[in-house]
Amino acid sequence: MFQLANASRAPNVHPTINKHRSAQEKRLLANYVPVYVMLPLGVVTIENVLNDKQGLEKQLLKLKDAGVDGVMVDVWWGIIEAKGPKQYDWTAYRNLFQLVQQSGLRLQAIMSFHQCGGNVGDIVNIPLPDWVLKVGETDPDIFYTDKSGNRNKEYLSIGVDNKPLFGGRTAVQIYSDYMKSFRESMSDFLEAEVISDIEVGLGPAGELRYPSYPQSLGWVFPGIGEFQCYDKYLTEEFNEAAKKGGHPEWELPDDAGSYNDTPEVTEFFKPNGTYTTDKGKFFLTWYSLKLIGHGDEILEEANKAFLGCKVKLAAKVSGIHWWYKSDDHAAELTAGYYNLDDRDGYRPIARMLSRHDAILNFTCLEMRDSEQPANAKSGPQELVQQVLSGGWRENIRVAGENALSRYDKDAYNQILLNARPNGINKAGKPKLKMSGVTYLRLSDDLLEDKAFNLFKKFVRKMHADQDYCGNPAEYHNDVYPMQPSEPKFSWEELLDATKPIPPFPFDEVTDDPVGDDDNDDDDECPSSDVIGMAIEGVAHIGEVIGKILGIPGKQ
């Protein structure tokens, strides 16, 4: 039903600017990093109407004139399937995609299975479909739950991934059906290669994580957050895991503090606290592998849905930089990233993504350590370096976003540094290069003359001072028809990726900064609010958890 006719020979609707490139320009083009811009959250309204089409068209053309490669947009489950199960209405999004295509831009489409509202930067409210929320009225355990019993309606709990609670369908089946309908309804845009990436939402804010730091429940930066596994389904799973692991007396943590605590005041995260014990390691391994398994299963469904399409799958990982320089890494742990100084919590995610040939999309590219308050023990620069290095070591593409809207040179230059950590290679492709960067987000503030002039310079620098290129193969971002996912990794293979390896070296500053050639202060734009927001014993624990979660051992 979904086979694309002549997909491999689809016309390229984004031709390279008609100019002859010299040999040197072609070599420099290998350093080109495409730039996408995130569209406003409410570009399609809750009523499923394209908002201000004429105004948006002008904005898209302005982006195109600036050399921007494409745009990213949330495709909200709460809008598309609002009328009832399998009652999809793609009309407004088709109108939007047509506008993007006519503007000569590419498109990154996010399968947004989460609620809009309750997170940093959320200015509109788009809940999950009403028919899903009604299931939650009689069974509130379909939602993530903290130890106090607070329900979070941003995203369905991992515990119901395979529970047929939604008119006979499981959560995974709902996501799969949605993506299949998207492919069928958008087949012409897929065939024309307008859509370059399908980012699959895997949690709150579309990120592969637990909703550990919800503003709706009073969290404020830099609180450590709370574990989110106390719904009855995940509680039952953990109790069964502990029983199979030979410790039926172990229960979910009750000593990890509350959302706005600091690590040292809790029994779980204090020095030599619960997280360092066998019980703590068992829980954290279970908690983190459940998250990886969740992403793995849904990405496999995405791969099936888009099989044969010339697109790349992508998944977003959150940049939780606060408490990164603390021994306990508390904020990362509550979010599901089991990352410690002697344990890499991100490379197993990258390894999982590699079997789907998916892009790892990471946030907080613009942040520097010096901008963070000392009491938060933040390390955004080291965190970005670790995560990107892990992706490159697993031979997958890495992309990224800024976490907060910024319009200043410092932010742009930090993104440029992360995009090409060792600078431009004038002889050809650099050793390390991100596959793309998405700027968050399109707004009147960005399009204001002074801010936009600086943004255009940033785009030019991301392109290695080369003209816009409409053929990704020329800068080594080739996209091929999607193939079936590779076999699942064993638990040993996933946990092998937790062994810490020093990250690739990054330069101190970018070698081609924005503003170097400027003689005035016209492009000095104020930033927005800068501050927003042990391996021992692991093999045995991994074996137990792997068997419990159905992750095979090595064959």
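Cβ atoms here come from the backbone N, Cα and C positions, even for glycine.
Per TrEMBL, active site, proton donor is recorded for GLU207.
What TrEMBL records for GLU401 is active site, proton acceptor. Packing around GLU401 (active site, proton acceptor) is summarised by its Cβ count: 22 other Cβ atoms lie within 10 angstroms of its Cβ, all protein chains included.
Marked as substrate binding site by TrEMBL: ASP74, HIS114, ASP122, LYS316, HIS321, THR363, ASN402, ALA403, ARG441. A sphere of 10 angstroms centred on the C-beta of ASN402 (substrate binding site) encloses 22 other C-beta atoms.
Feature annotation from TrEMBL assigns compositional bias 'Acidic residues' to 508-526.
The feature region 'Disordered' is assigned by TrEMBL to 505-526.
The distance from the Cα of GLU207 (active site, proton donor) to the Cα of GLU401 (active site, proton acceptor) comes to 12 Å.
The Cβ neighbour count for GLU207 (active site, proton donor), using a 10 Å radius over every protein chain in view, is 24. Residue pair ARG441 (substrate binding site) / GLU401 (active site, proton acceptor) shows a Cα separation of 10 Å.
Recorded residues ASP74 (substrate binding site) and GLU401 (active site, proton acceptor) have their alpha carbons 14 Å apart, per Cα-Cα distance.
If you draw a 10 Å sphere around the CB of HIS321 (substrate binding site), it holds 26 other CB atoms from the protein chains shown. Counting Cβ atoms from all protein chains shown, ARG441 (substrate binding site) has 18 others lying within 10 Å of its own Cβ.
It is 14 Å from the Cα atom of HIS321 (substrate binding site) to that of GLU401 (active site, proton acceptor).
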